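J.: Straight from Swiss-Prot, here's the annotation block:
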- 1-96: transit peptide (TRANSIT)
- 1-23: compositional bias 'Low complexity' (COMPBIAS)
- 1-36: region 'Disordered' (REGION)
- 98-415: domain 'Kinesin motor' (DOMAIN)
- GLY178, VAL179, THR180, SER181, SER182, GLY183, LYS184, THR185: ATP binding site (BINDING)
- 419-503: coiled coil (COILED)
- 618-653: coiled coil (COILED)
- 694-823: coiled coil (COILED)
- 826-856: region 'Disordered' (REGION)
- 880-911: coiled coil (COILED)
- 926-963: region 'Disordered' (REGION)
- 1008-1043: zinc finger (ZN_FING)
Amino acid sequence: MASSSSRTRSSRPPSPASSTSSSHLSNRLIPRSNSTSASSLITSAAGIASRSMTPSRTFSDSGLIGSGSFGIGSPVPYPSEELLGDPMDDTISSERDSISVTVRFRPLSDREYQRGDEVAWYPDGDTLVRHEYNPLTAYAFDKVFGPQATTIDVYDVAARPVVKAAMEGVNGTVFAYGVTSSGKTHTMHGDQESPGIIPLAIKDVFSIIQDTPGREFLLRVSYLEIYNEVINDLLDPTGQNLRVREDSQGTYVEGIKEEVVLSPGHALSFIAAGEEHRHVGSNNFNLLSSRSHTIFTLMVESSATGDEYDGVIFSQLNLIDLAGSESSKTETTGLRRKEGSYINKSLLTLGTVIGKLSEGKATHIPYRDSKLTRLLQSSLSGHGHVSLICTITPASSSSEETHNTLKFASRAKSIEIYASRNQIIDEKSLIKKYQREISTLKLELDQLRRGMLVGVSHEELMSLKQQLEEGQVKMQSRLEEEEEAKAALMSRIQKLTKLILVSTKNSIPGYSGDIPTHQRSLSAGKDDKFDSLLLESDNLGSPSSTLALLSEGSLGFNHRRSSSKLNDENSPGAEFTQGVMTPDEIDLLVEQVKMLAGEIAFSTSTLKRLVDQSVNDPENSQTQIQNLEREIHEKQRQMRGLEQLIIESGEASIANASLVEMQQKVMSLMTQCNEKSFELEIKSADNCILQEQLQEKCTENKELHEKVNLLEQRLNAVSSEKSSPSCSNKAVSGEYADELKKKIQSQEIENEELKLEHVQIVEENSGLRVQNQKLAEEASYAKELASAAAVELKNLASEVTKLSLQNTKLEKELAAARDLAQTRNPMNGVNRKYNDGARSGRKGRISSSRSSGDEFDAWNLDPEDLKMELQVRKQREVALESALAEKEFIEDEYRKKAEEAKRREEALENDLANMWVLVAKLKKDNGALPEPNGTDPGRELEKSQSHAVLKERQVSSAPRQPEVVVVAKTEETPKEEPLVARLKARMQEMKEKEMKSQANGDANSHICKVCFESPTAAILLPCRHFCLCKSCSLACSECPICRTKISDRLFAFPS
């Protein structure tokens, strides 16, 4: 444990690559131009009306932004700064690259410490992950972070280059992958103390906008989740079960809601609202485990301002939090098990797609097998930069899951991508041309009015005057229409300009003399949004504190979200345009003052409420009270600034003439300042490089000193060994020889034991063959008995039918005799002799005595004899019916016994299939086991047992030999049961050995490892893992346990 933990503390020295790239980037910082026309603003904002676009999974990376962020290495190379410096080039750049893979270890949890888990995987340096118990098993990645690393460190390496390149027109995607409870959601979202990748990326986006003058930006966000293969819109609770569509640009989600964001707090408020609708649940590892994949998409549109405008650059930044794959260790049931099966299927499909892409062959890639892979199709197919963050746990209890995650990351590292910049070529370049033509025409018109054009005759002037009068009527109507259109256009410009974000850096107060009035007000409105952000960051001390305050406002106080949004939209900047202001602009400032006054009143009431509540919990409420007081002071300062602007607006018109000269001087000073800052940045970068080189030299010097000391110690040890007597060497060699002899003896004993076991198994197999032959003979005898019983049943049935016919006839005759006895008069004399003769003649047919007409009167029927004969027939009929019922009962018992024998036969087949797998393993360990004449003893044993059961039951059903049946059972049972018991005991021992050899075998191994519903029914080849049901084994192309390709499958019947 101590050795493994010490290995995690190693870190790589900072790379100078990022510092140089940052220096190149700052070279292209230019002052912002405020001469953007109204028509260009309309066209740039018109991109909002386009259809909803889904996150395009493409990625971009580049160096770090700003002059103060040096020494952070980029895991993969990115487009050069010279290419990124000219975003409006008609040629689209592309560069062959690979997916950036970063691995982050989380520390052991308290539960894992209590359970006694040890460190099974550890980071070996900055790029290697190595197994503790098998050091030869290692994986190399772009960057590996130990448990002590912070989320900011991970963001600087894995996500910051992607975010920066996305702001320059290259699509980017960052997603976290790992098993459940490995720290994916913590890495992507974080908390108040340690923000995650998504909050840091949002903050970085707005800081890049601040540092990029001369460009205007439009930001939109969308937030969706994939829950049980159903896409839901987290920003719109009514948007459920959305569909995925495809067009020329790639895949997108139809009907997804997109929101325009104006500040980091605004964007974080949408994330907080979406997280309230996300599906979470608890399991054995995590109290709040993610049950769905989420995709947060930031769409960026940017264009250059002023005369340099050439088109619009569009890019998408996708930040994905995948749900963790689950094993049977989570012990989920019901809905949680169903959710886990959907998560595992989507992640298994993602692994299959990554595997096929890593092969580089022209094969079918199953993107459509899952909603996740279909949405990631454009990213994985290589149209942008991709950054994969794999979160793993070092615990020994999850060693196999960690190994699978590392295999997945290693495959993803080999996928090639081609990052390219997106560009929207629209009609804006034509609008610029038209505007230049209009300006030249206006110049000519001014020259005509001043009479600067000579050589025009009186006749030409009269004709021109006549044409002018004719066109006045038409122009009047057109002018009215244009006025109406202009009013509508102005209102639309004011609305759309509020959504466009620009930088306030290097903006000069009052530099708006050549800009139209409405354009000046729009630019001021855009400046206000970001000036307020700068003021907040200056007051709070650092950008991180600003982000924490904004996230607190969006998460902790929902009632303040609307007021914060209004403050972001309407708060004035410290550098508001101070030129000649129109009454509309002054009214706008007055309205902003009123809104600020209302927000101050609302914040004051909130502060009073918090002060009242702080009596119960003063510690937690103290920070909120301080933040509110700071916010109230800031808004009061902004309101005073607005009032000062209103007062100074009148004075600005007087000093307008001299202000232009001052602005030119300030501009020249600003350019000089930029040059000096650039030189200073280069000097600081060189200084950092020299410091890094000095540190490297120092470390090399220390290593050389350590090597010298080590060599001196070895030299002393060698000299002492040479001086020691040779008897010690002999003693050591003798001890070593004794140890070798003991090992050889123990191995010989083990070999003898294995040979004895082998002989016993062969004897047991021969005994089982003999029993199979006996049981086969008994089965044939049982079949003969069954056929004889069937023939006898048929005979009995025919006899019963005959007896029933005779019974009906006798009943009819008895009824006729009774009728005759009632009609006849009683006779006085009885002839005894005749009666005896009549009784002897009744054994024949009675109808024959009725044939003689002359003796009919002398006929006398005895009803008692008839009753006795009828009773005898009834008794015989009852006996036959009871015999038939007994036969049917015996036949039912035979059927039940046959079904039970079939069930036992199936159970024996499964047991013997497992036994033969174990026998095959024994063959590999102890040598080839001789095959018994091409016969299958397992199959014979099953048949023999089933035949024995049939024979026992048939013999037991025989009515004449009950004693023989008991003797047969008692004789056969002692012969069979010991052999079967020995076989079962041997199989149980082999199973226990196999379970002990596997360090992390699943407790519920009889359940499918993908769907967690059906029992396992397939043995996968060549890995021989019995872990999937029949349907999942046909659907999967690789084993979910060891990730090896499935070449064939053996299906078994569950017992």
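The backbone N, Cα and C atoms fix where each Cβ goes, glycine too.
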J.: How many other Cβ atoms sit within 10 Å of the Cβ of LYS184 (ATP binding site)?
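T.: For LYS184 (ATP binding site), the 10 Å Cβ neighbour count is 26.
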J.: Please count the residues of the zinc finger (1008-1043) that DSSP assigns to helix (H, G, I), strand (E, B) and coil.
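T.: With helix first, then strand, then coil, the zinc finger (1008-1043) has 6 helix, 7 strand, 23 coil.
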J.: What number of additional C-beta atoms lies within 10 angstroms of the C-beta atom of SER182 (ATP binding site)?
T.: 27
J.: Which value does the mean pLDDT take for the coiled coil (880-911) in this predicted structure?
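T.: So the average pLDDT across the coiled coil (880-911) works out to 83.
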J.: For SER181 (ATP binding site), just count the other CB atoms lying within 10 A of its CB, please.
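T.: So the number of other Cβ atoms within 10 Å of SER181 (ATP binding site) is 25.
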J.: In which DSSP state, out of helix, strand and coil, do we find GLY178 (ATP binding site)?
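T.: In the DSSP reduction, GLY178 (ATP binding site) maps to coil.
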J.: Just jot down the residues in the same chain as THR185 (ATP binding site), at least 6 apart in sequence, with C-beta under 8 A of its C-beta; none if empty.
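T.: Sequence-distant Cβ neighbours: ALA176, GLY196, SER290, ASP321.
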J.: Using a 10 angstroms cut-off on Cβ to Cβ distances, just flag whichever of GLY178, VAL179, THR180, GLY183 is the loneliest among these binding-site residues.
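T.: Ranked by other Cβ atoms within 10 Å, the binding-site residues GLY178, VAL179, THR180, GLY183 bottom out at GLY183.
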J.: If H, G and I count as helix, E and B as strand, and all else as coil, what does DSSP give for THR185 (ATP binding site)?
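T.: Its secondary structure by DSSP: helix.
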